[in-house]
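Below: one structure, written as structure tokens.
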């Protein structure tokens, strides 16, 4: 089963872990992406996320389909992404995958976060400490529609 969620609520690692747990699985691999307190020498106080929600959920589901095609022994997949304000140290994304053995779940989580960054329409704005330029919408250089990606890849 796939457990996909976009939410303005704080993400709970235990919740997604419980959702993907299964008695036939000996492995649950997790990725937790958090807000760090700095970027390019600026002090970050929080991130703000927006999404094209319907398309984001559709794309997240496509990522799950790709994971299942590559690692057929995967049992459950959870992808939760936070929207709105995310303070420093809090999770903005949690990905969890269960499988009978660790290799599949570890590889699948790694693939999932890379694909999420490349293809899911979620945007972030960094809020900086006072006197450091207030805030800035960030281009995700990994996403397929970004100028940086187009400049460095032949389409």
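Just so it is clear, glycine is given a Cβ too, placed from its N, Cα and C backbone atoms.
Over in Swiss-Prot, the protein carries these features:
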type: BINDING; residues: 101, 102, 117, 124, 125, 126; note: substrate binding site
101, 102, 117, 124, 125, 126 bind substrate per the record; greatest CA separation between any two, in Å, is 38
Per DSSP (three-state), residue 101 (substrate binding site) is coil
Cβ density check for residue 125 (substrate binding site), other Cβ within 10 Å (all protein chains) comes to 15
Other C-beta atoms within 10 angstroms of the C-beta of residue 124 (substrate binding site) total 17
Residue 117 (substrate binding site) has its Cβ surrounded, within 10 angstroms, by a count of other Cβ atoms equal to 15
